[in-house]
Amino acid sequence: MFEKRPKLFKNRDVLSPLFVPDTLQDRKEEVGAISQYLGYILDGATPPHLLIVGPPGSGKTVTTKYVINELEKHTSDAVIEYIVADGTAYQVATSIARAPRRGLGFLNIVEKIRERASEGKMIIVMDEIDKTLSRDGDKLLYHLSREPNVCIVGLSNKLTVMDMIGDSGVISSFKPRRISFAPYSAPQLEEILNYRVEMAFNDGVLEDDVVPLCAALAAQRNGDARYALDLLSFAADIAIRQLKGVVSESDVRMATDEVEVEFIRRSIEQLRDNQKILLYAVMTSQGGTPTEIYRKYNKMAEEQFGGNALTQRRLSQLLRELELYGLVEIEVVGRGRGRGVNWHVVPSSSIDPDLMLEAIRRSL
């Protein structure tokens, strides 16, 4: 059984989105900005709070981890904690404090964080910070942002994540420096893949057109590097399953169906409920003007999902976020009389609508 498996991989883990390379392709400007701010800790100063935003797969996490790894080579005094902030304020606080999740009150946990910070300057990286803010994360941010020795580095797919902070006191004390990540281009994705291919695969097991095709398809998915890596690893899995010694373009084409399902599931999971309802409205109305989508959304939110109506301005912001994630396309169709451009919103032409609708229904 196992003897017949082709030996394509040297190290399959290199294709994981969790892998942090020794060197980064592109993102030099973002590395420079993050390292400049966090580097103040080497001078004995607390770095300013940072907010790193960009669409999924744009390199926020891997870039931040890369800079943190480099920083740790130059200091042993800093207390650095990386967490995925996808829980309640209490759950996130216990992770930062490394405290048990039972038996202590919230303020007791905050005090333990203070004790850790007193050991030296503390950097807290909160990946997916929007998820805790969508619950009760305000109250944790309230305390952390007021600690003189604490630097908060928040990562989010949401461009408007600051709008999720309802406490004006938190907004005043947090005031992060914002660093934005743009989607990767096809050439950038190809460079990323080529770097990892050298470590991941044995020589000569990829046909020449495999990497360019993975990069081109991922560029159509709003430049998502994780999608490109998934395509490459799934294609290799298919080749191994078919007992082939080489990964071909046809394997990549076959892998798109498997990766599509995973991509859609992951894309929907990272949306807030109001974004899911809005996307559902776009999908079921087959597109239309923002006004038409606005009416459809409010009707669905009230009648079907028990949600609250949004202002048209806020709804337009959410549509722009969905466009950034590659889930919808906004088409300019002409100019109105004295009212600027007219535009329509349609589902992404690169995503299977039936798979998308099913994923939304399952998540709501």
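Keep in mind that glycine also has a Cβ here, set from the backbone N, Cα and C atoms.
For SER58 (ATP binding site), the count of additional Cβ atoms within 10 Å of its Cβ stands at 25 [all protein chains shown]. The ATP binding site feature in Swiss-Prot is assigned to SER58, GLY59, LYS60, THR61, VAL62, TYR184, ARG196.
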Among GLY59, VAL62, TYR184, ARG196, the most crowded of the binding-site residues [Cβ within 10 Å]: TYR184
Residue among binding-site residues LYS60, THR61 with least C-beta crowding, 10 angstrom cut-off: THR61
Secondary structure at LYS60 (ATP binding site), reduced by DSSP to three states: helix
